[in-house]
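Q: I'd like to ask you about the structure that follows.
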Amino acid sequence: MSSGKITQIIGPVVDVEFGSDAKLPEINNALIVYKDVNGLKTKITLEVALELGDGAVRTIAMESTDGLTRGLEVLDTGKAVSVPVGEATLGRVFNVLGDVIDGGEEFAADAERNPIHKKAPTFDELSTANEVLVTGIKVVDLLAPYLKGGKVGLFGGAGVGKTVLIQELIHNIAQEHGGISVFTGVGERTREGNDLYWEMKESGVIEKTAMVFGQMNEPPGARMRVALTGLTIAEYFRDVQGQDVLLFIDNIFRFTQAGSEVSALLGRMPSAVGYQPTLATEMGQLQERITSTKKGSVTSIQAIYVPADDYTDPAPATAFAHLDATTNLERRLTQMGIYPAVDPLASSSRALTPEIVGEEHYEVAMEVQRVLQRYKELQDIIAILGMDELSDDEKILVGRARRIQFFLSQNFHVAEQFTGQPGSYVPIDKTVHDFKEILEGKYDEVPEDAFRGVGPIEDVLEKAKSMGY
């Protein structure tokens, strides 16, 4: 192990000098420095980001640099940060370095570990099969279905329900498919991570899930790399065990934000809106590793915070380019009490074609969108002149559109404790069948309110009966 000395510390960025004759560590190598706090030796990991010349490197700290001083000895490990992988990670919670943070026992020293930096699968390793991943959430399965091995973006501003939707997806995949999930918390609230952990523990889902956190209070180095840690764990299940894995990243915007913080400290010129000039490259390196291979698949569902609800911001716009499906959450729908607040017209998926979902599903989805689009166009007339100015056909269409809009809402298992209503999982065939009947006018006489927050159409009829219909 070659060793050097700290020459400069600027927040999370640490310069280390190895001397002009010494062997310099490679880019992305992990360096270790020990600091003494009240007589206790604490290990801090640094990652090499730049080679400055004259035997010096610039590194990013994965932990707080409080207590570090100039002149401290730094050791080169000779390899990248590596994290535990395999069955032992299930039910556990880690940080970016693969250290256990759930209070349980540490991993054995000889536990299998993989480096967090690796190349994306080659072209001939990729799988081209298109298969829909059934989520049991009506609005998603009908209008913007997810593909196995695809990338899904959950777009929405603050507080519209991205994290709750992710929790429900983890629940449904574990309960209905028995699949493995890896949850990666990137720069989000520690409280939410804690709540998610206990909720998953209570529901028994945790046994099929590995959790990795680099939350808001962590230095930017940890927030920038924690997504790679989660991805490395997911890749092992795909490549070695041949599994179909779900990778949840909450929130991909914080990944970009952390990169932006680090970029300025590394001395790079900022790009558009102050973001790092390497934004597209960093996003590409992460996203290209998330894919289906001939061995298995990693399907990723990424919550994407949209700053000030501006979709042209470079961070969400860069993420858009990599996605197969988008689920757009709309604040207007939360104000109407429709949960999940998924915008049925703005959400999209490349899986919504007759070749992938089938002719009937495609036609029902197109008709649902047509009815909702027409209703949207008529809303101005209704607001100014009232319903009486509409033709009889338009009145029928508005009634159906409102029933469809409410029927796209659904009670979630993970929200039972707040709503007092049991959650519902609706198979995709049932979803298509029920919406087809609504479009045919079979339920035109059923009160609109009966369609709110229910599962299949039978729940609507039961609710209507209890309302005295």
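Even glycines carry a Cβ here, placed using N, Cα and C.
Feature list, courtesy of Swiss-Prot:
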type: BINDING; residues: Gly156, Gly157, Ala158, Gly159, Val160, Gly161, Lys162, Thr163; note: ATP binding site
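Have a look at these and tell me how they're positioned relative to everything else.
A: Its Cβ taken as reference, Gly156 (ATP binding site) is surrounded by 26 other Cβ atoms within 10 Å in the chains shown. Under the DSSP three-state reduction, Gly156 (ATP binding site) is assigned to strand.
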Q: Applying the rule Cβ within 8 Å of the centroid of the Cβ atoms of Gly156, Gly157, Ala158, Gly159, Val160, Gly161, Lys162, Thr163, what extra residues of the same chain belong around the ATP site?
A: Tyr305, Leu329
Q: Under a three-state reading of DSSP, tell me whether Gly161 (ATP binding site) is helix, strand or coil.
A: coil
Q: Just name the winner among Ala158, Val160 (the binding-site residues) by count of other CB atoms within 10 A of its CB.
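A: Of the binding-site residues Ala158, Val160, the most buried by Cβ count within 10 Å is Val160.
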Q: Can you tell which of Gly157, Gly159, Gly161 has the most other C-beta atoms within 10 Å, given these are the binding-site residues?
A: Gly161
Q: Including all protein chains displayed, how many Cβ atoms other than that of Lys162 (ATP binding site) lie within 10 Å of its Cβ?
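A: Summing over all protein chains shown, Lys162 (ATP binding site) has 26 other Cβ atoms within 10 Å.
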Q: For Thr163 (ATP binding site), which residues of its chain lie six or more apart in sequence with Cβ-Cβ distance below 8 Å?
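A: Set apart from Thr163 (ATP binding site) by at least 6 residues yet with Cβ under 8 Å, we have Glu188, Glu192, Leu196, Asp250, Ala303.
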